[in-house]
Amino acid sequence: MEDVLTLITMIVLLLLAFHGFGKCSSDLYSRSDFPEGFVFGAGISAYQWEGAVDEDGRKPSVWDTFLHCRKMDNGDIACDGYHKYKEDVQLMAETGLHTFRFSISWSRLISNGRGSINPKGLQFYKNFIQELVKHGIEPHVTLHHYDFPQYLEDDYGGWTNRKIIKDFTAYADVCFREFGNHVKFWTTINEANIFTIGGYNDGNSPPGRCSFPGRNCTLGNSSTETYIVGHNLLLAHASVSRLYKQKYKDIQGGSVGFSLFAMNFTPSTNSKDDEIATKRANDFYLGWMLEPLIYGDYPDVMKRTIGSRLPVFSKEESEQVKGSSDFIGVIHYLTALVTNIDINPSLSGIPDFNSDMGESINILSMRVRISRLPNSDEKCLIFFITLSILEYIKQSYGNPPVYILENGKTMNQDLELQQKDTPRIEYLDAYIGAVLKAVRNGSDTRGYFVWSFMDLYELLNGYKSSFGLYSVNFSDPHRKRSPKLSAHWYSGFLKGKPTFLGSQGITQLHSNFSSSR
């Protein structure tokens, strides 16, 4: 009951904040309502989809080591996309995808992260990209989706060491040279803020570094490494962006972006303290890396709070980082109520990212349907949360080009129930409708990618839940793919049908889906 009341509070607060935007839209819309050039796609990542972790010269990434050491579910086989990519591209074409987002496994392309290219890894990605292009699907490639080579972590501490900037730039150079004639959209780092917090502050994701006691880590320093790694990610991105502009852009005509995990923050009360805390949360989560990319330096509140533990950009570095991202990739699933806390001790007893931020964050997931909340209220919640985050980026950061690179709804992994995944359709309908509203309100949002095209190995969550438009039978050695109702809905939308919901629309959709199987 408390969760429901909290959600209702969130809806009321958002309605008050966005009364100027009008009602929660339930109007029909279609693909043609979006601007020409706006792209729709779906995505996967290498470790979550490929499998074949020890085939054809691939060597371990930090994910392989992290999961096997902890005896957790892993992506050793995952969807077996390495062997089934042609079948998957055919499904993408049948669905009507305009573009497809995927990542390259650094340790498959360059086994040790630097040095010689793995020829079989190179050929796989060439084949995959050519297959996409042959079917009229534009590749959108991420260079780093959490899974950097374990060799570099063992050799010099991975992202804690500036040496990785040179190695990452050399890896990107290979990708641009070998694939750039067919790839026009590159994202350097996926979810840079969450990769850093999870891997170096909390220690709950690879490489699993953090401060002890209080957390289960044997190495790391949450007080400093979180910010050092974030700094190195920004410098590596700037280095890669500079390389592309100097060596490839005139020939290939592509663009290079950077992606961040975005959360919609709302004050838990109308008190001044909570309003200030909400601004601080935005500065720590988004501004931490977005302000350097747009303005060339960290937010003032971070510099004041963190002090000497926050690395400093030299004048040259600031100039290189500023303006280095042609677009911002937004990963968006969550919203949160923020309460100010004057003293927020860390688990280890030393300052870390969470204690530096100085607030209590009650995260409410848009991924999980609260069944006791009326449908109309849930749709309003999704609608205004989406408007809120896109409006915030527009107003705070000069309206940069934005691609929503990940957004979707998880459901429990049940092959029978998942096939008719009506809650996912309702969620996607509300979210895409809100994106359309944001675009009409002036947001320079240029694309939307559903997460995920098919059920995947979900990072840290294994195979318990899934986001896919297509189900994958992970008990079947052949990993059979099957379309869900949401795949049918998304395909219809991409092919120009107006979205249709409500009881009559859902009944019609179920009927069409059943007859097409």
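Keep in mind that glycine also has a Cβ here, set from the backbone N, Cα and C atoms.
Quick look at what Swiss-Prot annotates:
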SIGNAL    1-22  signal peptide
BINDING   GLN48, HIS145, ASN190, GLU191, TYR333, GLU406, TRP451, PHE467  beta-D-glucoside binding site
ACT_SITE  GLU191  active site, proton donor
DISULFID  CYS210-CYS217  disulfide bond
CARBOHYD  ASN216  N-linked glycosylation site
CARBOHYD  ASN221  N-linked glycosylation site
ACT_SITE  GLU406  active site, nucleophile
CARBOHYD  ASN441  N-linked glycosylation site
CARBOHYD  ASN473  N-linked glycosylation site
CARBOHYD  ASN512  N-linked glycosylation site
*asked:* Other residues near the beta-D-glucoside site, CB within 8 A of the CB centroid of GLN48, HIS145, ASN190, GLU191, TYR333, GLU406, TRP451, PHE467?
replied: GLY43, SER45, ILE331, LEU405, SER452, LEU459
_Please identify which of ASN190, ASN216, ASN441 has the densest Cβ environment, defined as other Cβ atoms within 10 Å, among these recorded positions._
ASN190
*Quick one: of the recorded positions GLN48, ASN216, ASN221, TYR333, which has its CA closest to the CA of CYS210 (disulfide bond)?*
ASN221
*Least buried of the recorded positions GLN48, ASN221, ASN473, going by other Cβ atoms within 10 Å?*
ASN473
*Counting only other Cβ atoms and using a 10 Å cut-off, which of the binding-site residues TYR333, TRP451, PHE467 scores lowest?*
TYR333
*Would you kindly give the Cα-Cα distance separating ASN473 (N-linked glycosylation site) and TRP451 (beta-D-glucoside binding site), rounded to the nearest Å?*
18
_According to DSSP, does CYS210 (disulfide bond) sit in a helix, a strand, or coil?_
coil
_For the beta-D-glucoside binding site, please report the maximum Cα-Cα distance among GLN48, HIS145, ASN190, GLU191, TYR333, GLU406, TRP451, PHE467 in Å._
18
*Sort out the sequence-distant neighbours of GLU406 (beta-D-glucoside binding site) for me: same chain, 6+ apart, CB within less than 8 Å of its CB, listed by position.*
GLY43, ILE331, HIS332, TYR333, PHE449, TRP451
